[in-house]
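Quick look at what TrEMBL lists:
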type	residues	note
DOMAIN	A:14-129	domain 'Acyl-coenzyme A oxidase N-terminal'
DOMAIN	A:131-233	domain 'Acyl-CoA oxidase/dehydrogenase middle'
BINDING	A:T135, A:G174	FAD binding site
DOMAIN	A:274-435	domain 'Acyl-CoA oxidase C-alpha1'
ACT_SITE	A:E420	active site, proton acceptor
DOMAIN	A:477-652	domain 'Acyl-CoA oxidase C-terminal'
Number of protein chains: 2
Amino acid sequence: MEDLARERAETTFDVEAMKIIWAGGRQAFELQHKLASIVANDPVFRKDNKPNMTRKELFIGGIRKAAHCRELALELGLSEDDARTLRTLRGEKAYDDLHWNMFIPVLRTQATAEQQKKWLPLATSMSVIGCYAQTEIGHGSNVQGLETTATFDPSTDEFILNSPTLTSTKWWPGGLGKVATHAIVHARLILDKDYGVHAFIVQIRSLEDHKPLRTITVGDIGQKFGNGGNNTVDNGFAQFNNTRIPRDNLLMRMAIVTKEGKYVRQNVPKQMLYGGMIAARQIILMEASMDLSHAVTIAVRYSAVRRQFSLDDGNREIQVLDYPTQQQKIFPLLASAYAFRFVGQWMESLYSEVMYQFENNNFSALAEIHACTSGLKALTTSVTADAIEKCRKACGGHGYLCASGLPELFAAYIPSCTYEGDNTLLFIQVGKFLVKTILNMKTSFRPQGTTQYLADLDLLTKKNCEVSDEDDWLSSNVILGAFKARAARLALSISRQILKFPNQDAGFEELSVNLVSVAQAHCQLIVLSKFIDKVHGAIPGLNVKKQLQLLCNTYGLSLVCEHVEDFLVTGYLTKRQANLARHQLRSLLSHVRPNAIALVDSFDHTDHYLGSVLGRYDGDVYTHLYMEALKDPFNNSAVTEGYKEYIEPIIKQRLQSSKL
Amino acid sequence: MEDLARERAETTFDVEAMKIIWAGGRQAFELQHKLASIVANDPVFRKDNKPNMTRKELFIGGIRKAAHCRELALELGLSEDDARTLRTLRGEKAYDDLHWNMFIPVLRTQATAEQQKKWLPLATSMSVIGCYAQTEIGHGSNVQGLETTATFDPSTDEFILNSPTLTSTKWWPGGLGKVATHAIVHARLILDKDYGVHAFIVQIRSLEDHKPLRTITVGDIGQKFGNGGNNTVDNGFAQFNNTRIPRDNLLMRMAIVTKEGKYVRQNVPKQMLYGGMIAARQIILMEASMDLSHAVTIAVRYSAVRRQFSLDDGNREIQVLDYPTQQQKIFPLLASAYAFRFVGQWMESLYSEVMYQFENNNFSALAEIHACTSGLKALTTSVTADAIEKCRKACGGHGYLCASGLPELFAAYIPSCTYEGDNTLLFIQVGKFLVKTILNMKTSFRPQGTTQYLADLDLLTKKNCEVSDEDDWLSSNVILGAFKARAARLALSISRQILKFPNQDAGFEELSVNLVSVAQAHCQLIVLSKFIDKVHGAIPGLNVKKQLQLLCNTYGLSLVCEHVEDFLVTGYLTKRQANLARHQLRSLLSHVRPNAIALVDSFDHTDHYLGSVLGRYDGDVYTHLYMEALKDPFNNSAVTEGYKEYIEPIIKQRLQSSKL
Ligand SMILES: Cc1cc2nc3c(=O)[nH]c(=O)nc-3n(C[C@H](O)[C@H](O)[C@H](O)COP(=O)(O)OP(=O)(O)OC[C@H]3O[C@@H](n4cnc5c(N)ncnc54)[C@H](O)[C@@H]3O)c2cc1C
Ligand SMILES: Cc1cc2nc3c(=O)[nH]c(=O)nc-3n(C[C@H](O)[C@H](O)[C@H](O)COP(=O)(O)OP(=O)(O)OC[C@H]3O[C@@H](n4cnc5c(N)ncnc54)[C@H](O)[C@@H]3O)c2cc1C
Ligand SMILES: [Ca+2]
C-alpha cells in the first residue's frame, strides 16, 4: 500500500495535465470524470457478485443497467456521444450498444432522407429498439454468400422474407435474442432476378406486448465465453417464414425498388452497404484504448505492490515491476494504450469529417477511410486481446482469480477480433489495397492520406537505415523512416511477386500470409505517425511532453524489436543496428519505470471501472483478496455439500458397496 | 458433413498405426481407447449443461465424477498410471489430481522409508486425501520467502504451526478448500534458529466428520477464470493458529530433527524439496499434448466443414482449411501437438529411470532433469495456452460460443503457465543453467544429456548454415544444426556479456530477457531433436513415417520462421536462406493439408472428450449448434423475464416516471 503512495510522491510530471490529454481535452475530461464517479457510486452499477451469476442473472442485470443508463442519459440531458461514454463506463455490454452503435449509424448512412425522417426519431427516442442482423449461421465473413431472401410481391407492395435453409438462420446479432423490436436484416433482394444482398428494416417483436411476430422464430444462441463477458448480451438467432414487410423498409439510399418491382441504382457507391461498419470500427478503436489501459492499470499497480525475491538475503523483497522481464511484458503495452488512444482521437475527427462528406454525397474518401478503419480495427483489437492475457499472466496466480478482474475483461474483449470483420480478413484486404496502390502508381496515380508515403517508394527502397549509435534510435525521423521503409519494401516485394501469377486473385491468395504482414506493418506505421504528430503538438503541463516522447519511443522501438526480422530481411537494418535498437529499448523501459504508476493513474479509471482487487488505487491487495474469498457463498458451511455422497465413501473405504 | 467423409476416404496413410504411435504402443492405445469409451458412455461424465452451471454445481459435479473415477479404478483394477489416464479422459480437474500428482509424489521423494511405510498405504487407499500447500497469498515464486512457521516444542515432541501474518495465509492449494484431510505444508522450520522452508504433513479435517480442525481456518478462495475451467477444483486458503503436529510429520529424508531439537542434514540434496514438482511437471508435459491436440482437432475439423467464399462466382465455396492463412495458423500447432507428445513420451521414460536412481540415493541426474522438466514445462504450456486461443479465433464467431468447447478448454488450461513455476522464472532458470554450463566448460567440465551439444561450441559458432536451395531445409541435419547453432550462439553471447558485470547476479538480472530467449531456443531444440529421433526409429504402417517426417519438418521450419531474427542476428542464416525457409514452409503446409483430418483423427479423441459441436467427428456442425441453442433454458419463454421492469418503460417512453 505504502508502495503506491511513495511512487506517486516521486512522480516527475503533471498527472492532471496528462489526464486531460488522455481524455481529449479539459471538457471531455471533466465530463468523463463526472460520469465515472456517478457510475461508481450508483448501486445499480455494482459488479460485486458478477462472477457467481448465472447467465439469466447476468442478462437481467444487463438490461437493468441499460435501462438505468437510459434514464440517466435523459435526466442529465447527455448527447449521444456522452451517453456512449456512460455506457462504456458501466463496463459491460448490452443490447443498447448495438442499437446506438450499429442500428442507428446504418439508418444514417443507408436510409434515404425520407426513411431517416420516419425511423430516426423512433430510434433515437428508443421507441423502437434495433439490432444489426447480418451474420447467418453459415455465413459471416462472406456477406455476399448470405442466403436469407427478400422477394418482392408487387400485389401487396411488400417484401416477403424467408430463411430457406438451416444455414440461412440469422445467428449472432446482439439484441436480437430477447430485446430488439426491429432489426436491420441483410437479405438477397429478389425481383426479376437475384440482386444480391441488401439491408431491410424488419420488425421482430410486437411493440405492444413484446411477443415475437408469428412468422419469426427467434431466440438466444446460448452461453458464450466466460461467466461475465458478453453473457449480458442476448446474441440471437432468427428464422423467417414468409415474413412480410412494406416495400419502403428496404434501405434505399444506394438503390431503389419501385412499386412495379424495378431496380434503380442511385448515385451512391455500393460499398456504403457497409457504412455502418465504419462507424462501429471507429468506436472499436476507442474501446481498444480503454480496455488496454484497463488491463495495464491492473498489471502495473499490482506489480508495484507485489514483492518477490530479494537480491541479498534479509533485504526487503523487490517490487516485481523492477524486473526487466516484467517491464518488457508490460511497458510496451502501456505505451500501446497511449498510442491507440491518440490514433483513436485522430480517427474520431477524421470520421466526423468524412461522415459530413457522405451526407453531402461526396464519397471520395470512402476507400481510404474503409482501409484505415479496417486495418486499425484489426491491429488494435489483436494487440489488446493478447495484451489482456499477457497482463493476467504477469499477475501470477492471483491473476487467475475473478477478483483480479482480468478473466472477465478478457472474455468480454476477445470477440472484438472477430466481429465487425475477422482480423485476418481485414488485414488481407488492407494488404491488397496497399499492393494495388503500388501497382496503380505505375499508371501515374498518386497515393493519398495514410498511403502517401508510398509515393517515395524509390527512396524508401534504396536508402537504408543510418543509425550508428543507440541514441540515434530516439529520433522521430529515424524511427518513422524505418517503419515507412519496412512497409514499403514488404508491399513492393509482394507487388513484384504478384505479377508472376497468371491470375491476380490466385496470386493474392497464395501470398495472403505476406499480405497480413504488410498490412500490420502499414497500420503500425499509421499509429506511430499519429503518436509522433501528437508529441510534436503543443502539450501543456510539467514534463508531460517528455513522458509522451518516452512512451512514443518505447512504442516504436518495441515494435522494431518485435518485428526485427522484417527490417533485417528487407535489408533496411544491419545486425548491429538491430542490436542497438534492443539496447535502446532496454534503456527506455528502465526510464518508464519511475513514473509507471502515474502513467496509469493518468487514465483516471475508477476502482469501479477496473473491478479488480489487484488494480485497486490504494494498493491494499491482500486484505481485499481475503475479504472477497470470505464473501463467497461457497464458504458458508464448514463441511461441504456432497461430503456424505461423494467424499466420505472414499475415505471410509465404502466405495465398492455404495452406488454412485 | 460429407466433407469429412470425403477427406477420410482420401487419406494416404494408415490411421490406425498412427493412433498406436500417438498412444505410445498398442497396449497403451487399447487401454486408452477402452477407457475413453467407458467415459463417453457413462452418464455421470456427461458435460451437457456445464457452461450454465454455478460454481457450486460445478464443484459438486467435480467431486461426483472424482468419486466415480475412484470407483471405476477399483472395479477395473487400474494401475496408478491408468487411473490417471482415466482422470485425464474425464476432461476436468478435481482434488484427486492434486492427491495423486502432488501429495503422493512428495511422499515418495521426501519422506523417509519409515514415513513412507506409514503414509503411503493411507494415501494410495485414499483413506486420507492430501493436497500440496506451498503457496501463500504473499509468496508463490519465492518459496524461500514463505512465512508460515513450524516451531519445535521439545516438551511435547511436536511442531506448532502458525500463520503470523495475513500474507502468510496459504492460498491456492487445490483440494485444500473443501476436500483434503491432509496437506503437505511448506513452513519455516524453527529450532534454535530459522532453518528455512521444510515440508510437513498436517491434518486439516477430521477423518470422522470432515470438520476442519479447531486451530485451522480454511476455505475456498473463490471463483476462477471461466464458468467451467478450474472451478471444479476447491483451491483453498488456510491459516494456522498454534496447530500442533507430531515431530515425525516433518518429511525427514533430507534432514532429521531429533527429539532434542537437533537438526541433522542427511546425505540427500536439498533440491529434493522440489522433487514433487518434477513429477508434476512431467505430467504437465503429457497434458500439453492432450490439450493442444484437443484444440487442434476442433479447429481442423471445423475448418474443413466451414466453407466461406468462392473464387469464381457460383462455384461451391472453399473450405476455409484451404486458405494459406488458415493453414499457417493451425498446421504448425498440429505439428507441435505431435512434437509435444513425443518429447512427453521421452520424458516419461527418463523420469522413471531417474526416480529409480533417486530411490537408490543416486542424485547425479537431478540438475539435468530439473532443468529439462522446468524448461519443457514452460515451453509446452506457453505454446499450448496461446494455441488454444489461436484455434478459437480460427473458428470465427462460433468459436466464441461455449458450444465450441474452446472457451472452457482455454479457461481450464491457462493456469498451467503459472502453477508449478511461473514460466518466465522457469525460463530464466534454464537460461542461467545454460550460461553457467558454458562458463564451467572453460574449467574442463563436459556438458551432458540435453546440453551435450554445447561441447561443440567452437564449431557451432563458426560454421554457418549451408542451405542453398529450398529443399536443403528438409534435411534433419540441416535443421538440427540450425537449432543447435542458434541456442549455442545466444548462450555464448550472454556468457560473454555476463563477464562484464562486477556482480554475476546483477548481470543475470539485467540480461534476464535474453536468458528467456536462450532457454526457449534450447527447449525447442530438445523437442525437435526428440521428434527427429522418433522419426528415425522404426515406424510401422503405410506412409506413417512419411507423415511424421512431414510434421517434423513443419515443426522445425515454422519455428525457424517464427524466430528468424535469432538466426539472422547471430549471423547463422543469410536473408536468402531465411526466405528459402519461408518458401519451404509454405510448401510443407500445403502438403499437410490433404491428410489433415486423418492426422487429427489419429489422436483418437472421442466427441465426449472434445465436448465441442464444432469438432464433432461427423462434422454435423450447424444442426447441433442450433440444437444446443434451443436447449438453453433461456429460450423457454417468448417474452423475457425483466421485460416489464426494464424494457417496456423504455419503449413506451415511461422511463422518466418509473423508478428503476
Ligand atoms: C460476440 C459476437 C457478437 C456479434 N454480433 C453480431 C451482430 O450484432 N450482428 C451480426 O450480424 N453479426 C454479429 N457477429 C458475427 C460476426 O460478425 C462474425 O462472426 C464475423 O463476421 C466473422 O465471421 P465468421 O464467424 O463467419 O467467421 P469465418 O469467416 O467462418 O472465419 C473462420 C476462419 O476462416 C478464415 N477465413 C474465412 N474466409 C477466409 C478467406 N477468404 N481467406 C482466408 N481465411 C478465411 C477466418 O480468418 C477464420 O480464421 C457477432 C459475433 C460475435 C462473436
Ligand atoms: C489454478 C492454480 C492452481 C494452483 N495450485 C496450487 C497448489 O495446489 N499448491 C500450491 O502450493 N500452489 C498452487 N498454486 C500457486 C502457484 O504455484 C503460484 O501461483 C505460482 O507459483 C506463481 O507464483 P505467484 O503467483 O507468486 O507469482 P509471482 O511470483 O507473484 O509472479 C508475478 C509476476 O512477477 C514476475 N516475477 C516474480 N519474480 C520474478 C523474478 N525474480 N524475476 C522476474 N520476474 C519475476 C513473474 O514472472 C510474474 O510475471 C496454484 C495456482 C493456480 C493459478
Ligand atoms: Ca519475430
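Glycine is treated like the rest: Cβ placed from N, Cα and C.
Distribution of TrEMBL features across the structure.
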{"residue": "A:T135", "record": "FAD binding site", "contacts (Cβ under 8 Å, 6+ apart)": "A:K170, A:W171, A:W172, A:P173"}
{"residue": "A:G174", "record": "FAD binding site", "contacts (Cβ under 8 Å, 6+ apart)": "A:K93, A:Y95, A:D97, A:L98, A:C131, A:Y132, A:N230, A:V233, A:D234, A:N235, A:G236"}
{"residue": "A:E420", "record": "active site, proton acceptor", "contacts (Cβ under 8 Å, 6+ apart)": "A:M277, A:A280, A:R281, A:I284, A:K377"}
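By the count of Cβ pairs under 8 Å, the stretch nearest in packing to the domain 'Acyl-CoA oxidase C-alpha1' (A:274-435) among A:14-129, A:131-233, A:477-652 is A:477-652. Assigned with DSSP, the residues of the domain 'Acyl-coenzyme A oxidase N-terminal' (A:14-129) fall into helix, strand and coil as follows: 92 helix, 0 strand, 24 coil. In terms of DSSP secondary structure, the domain 'Acyl-CoA oxidase/dehydrogenase middle' (A:131-233) contains 10 helix, 43 strand, 50 coil.
Mean pLDDT for the domain 'Acyl-CoA oxidase C-terminal' (A:477-652) in this predicted model: 97.
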